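**Student:** This is the structure I want to talk about, given as structure tokens.
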């Protein structure tokens, strides 16, 4: 069965394989898609294997916060590289 998550994972994998370091902007886009790919995978694992609702909610919040922090780090990296 094809779901939205299945489709997004495949599209992200396609974009990652097509943007092998063409330039720095494409590298940042590739890393952004990688973050999305990892987040979707970890959300699926959390939903499948964590059965306590409070722990599941806490892990999903931590996952979202960590994805935001990682993307902020990539943005900082991009700004530093772009200015050199």
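Even glycines carry a Cβ here, placed using N, Cα and C.
Small disclaimer: the values here were computed from a predicted structure and weren't measured.
Sharing the features that Swiss-Prot gives for it:
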type	residues	note
TRANSMEM	4-24	transmembrane segment
TOPO_DOM	25-31	topological domain 'Mitochondrial intermembrane'
TRANSMEM	32-52	transmembrane segment
BINDING	37	heme binding site
BINDING	49	ubiquinone binding site
TOPO_DOM	53-58	topological domain 'Mitochondrial matrix'
TRANSMEM	59-81	transmembrane segment
**Student:** Let me check the 10 A CB neighbour count of the residue listed as 'ubiquinone binding site'. How many other CB atoms are there?
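**Tutor:** Total other Cβ atoms inside 10 Å, all chains included: 8.
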**Student:** Under DSSP, is residue 49 (ubiquinone binding site) helix, strand or coil?
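**Tutor:** DSSP assigns residue 49 (ubiquinone binding site) to helix.
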**Student:** Please average pLDDT over the topological domain 'Mitochondrial matrix' (53-58) for the predicted structure.
**Tutor:** 96
**Student:** Enumerate same-chain residues with a sequence separation of six or more from residue 37 (heme binding site) and a Cβ-Cβ distance below 8 A; give 'none' if the list is empty.
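**Tutor:** Once residues fewer than 6 apart are set aside, residue 37 (heme binding site) is near 9, 12, 13, 16.
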**Student:** Under 8 Å between C-beta atoms and at least six residues away from its ends: which parts of the chain pack against the topological domain 'Mitochondrial matrix' (53-58)?
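**Tutor:** Answer is 46-47.
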**Student:** Which bits of the chain, at least 6 residues beyond where the topological domain 'Mitochondrial intermembrane' (25-31) starts or stops, bring a Cβ under 8 A of a Cβ in it?
**Tutor:** 15-16, 19, 74-75, 77-78
**Student:** Take the topological domain 'Mitochondrial intermembrane' (25-31) and count its residues per DSSP category (helix H/G/I, strand E/B, coil), listing them in that order.
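**Tutor:** Tallying H, G and I as helix, E and B as strand, the rest coil: 7 helix, 0 strand, 0 coil.
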